Amino acid sequence: MLKRDMNIADYDAELWHAMEQEVVRQEEHIELIASENYTSPRVMQAQGSQLTNKYAEGYPGKRYYGGCEYVDVVEQLAIDRAKALFGADYANVQPHSGSQANFAVYTTLLQPGDTVLGMNLAHGGHLTHGSPVNFSGKLYNIVPYGIDESGHIDYDQLAELAKTHQPKMIIGGFSAYSGVVDWARMRQIADSIGAYLFVDMAHVAGLIAAGVYPNPVPHAHVVTTTTHKTLAGPRGGLILAKGGSEELYKKLNSAVFPGAQGGPLMHVIAAKAVALKEAMEPAFKTYQQQVAKNAKAMVEVFLSRGFNVVSGATDNHLFLLDLVDKNLTGKEADAALGRANITVNKNSVPNDPKSPFVTSGMRIGTPAVTRRGFTEADVRDLAGWMCDVLENIHDDAVIERTKNKVLDICDRHPVYA
């Protein structure tokens, strides 16, 4: 017999201890990994609900199992909210992750061996945009495009590559690019050769929902996103489209189920519905505006302290530090800041001489710290502390002083008050 007062702490102390330590880590560390964020308690409530018990293969009104009348309501709410939030006329909320959403798009629009233009991973792209270690690089003929000397997407190069290689699909989107993408220009290039434009907006979906960053949905044939990152929802994926045919939408649905997945995670879909509603609130727009302001404020400090910021600016929630001229590796920077309770991730930079396991750069993002209530003044202080550590990575006293400052500001800005 199952009882509602069953809990992990009384049953599995070893596991519970690790979970509790993670709670402490999140509260006592400053999170600057650009792809991470904090979900609301409402989102977590949905993920811990009894919806996890329900199998619901298929789509609302067309299930392979009985007893789906209420999960149909849940999924339809998520679909309708996704369409309304991003101005789409099609949404699939079932992908378990952004990568699986991307896989569904590839299998819908392409055949193995087709040519695809994707952003070079070292220039800011993503594994699923053509990395040789990923399915995208293994199954398709990938032609990478990149950024120019100023750190911005080279649209002339992209147009020339498209003309030369005649890809069937061009991918827009990124995991480490701090500029604004000209979606209309990308669509123009795609149309000039009869290619599909597929946009992966995972990193900027929250900014787009709030009107802080341009929306690719009116320009792309298909758009995907994660529902975490800047959108601040549960970990999962989403597929969107506007102005496409019913045939395309049916193919996309079939590519998700039964093509790549079985039963959807209904508790996660409920959490997506909650997060999408939260993203429609005025407070969410204010939050996203502050995310962008905080990123700009941090860039100003790093530049003033003599650090090289790729492109010299940011127009979204993230930026890259190029540490080559500081004689530092990304791995060293990551470790030193980690000792001061500041969490970042090492990241390759354009023309990086180091391996992806070492790198010469560091990616910094502001969604999580802004979620805690950090202001521009707070992140300017934070950026200054980071510079102190990066300039003295072997000085334990500097790192300890910085850690104490971090603990103090974390105490003043709890993740969950």
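Every residue gets a Cβ built from N, Cα and C, even glycine.
Under the three-state DSSP scheme, F357 ((6S)-5,6,7,8-tetrahydrofolate binding site) falls in the coil class. Per Swiss-Prot, the feature (6S)-5,6,7,8-tetrahydrofolate binding site maps to L121, G125, H126, L127, S355, P356, F357; the stated evidence is sequence analysis.
Counting only same-chain residues at least 6 apart in sequence, those with a Cβ under 8 Å from the Cβ of K229 (N6-(pyridoxal phosphate)lysine) are A34, S35, E36, N37, A202, H203, A205, G206, P367. Residues annotated as N6-(pyridoxal phosphate)lysine in Swiss-Prot, with sequence analysis given as evidence: K229.
Annotation source Swiss-Prot lists site 'Plays an important role in substrate specificity' at H228, citing sequence analysis. Sequence-distant neighbours of H228 (site 'Plays an important role in substrate specificity') (same chain, 6+ apart, CB under 8 A from its CB) are S35, E36, N37, T39, P234, R235, G236.
Cβ neighbours within 10 Å of P356 ((6S)-5,6,7,8-tetrahydrofolate binding site), excluding its own Cβ and spanning all shown chains: 14. Fewest Cβ neighbours within 10 Å among the binding-site residues L121, L127: that distinction goes to L127. Within the same chain, residues at least 6 positions away in sequence whose Cβ sits under 8 Å from that of G125 ((6S)-5,6,7,8-tetrahydrofolate binding site) are G118, M119, S131, P144, I171, F174, S175.
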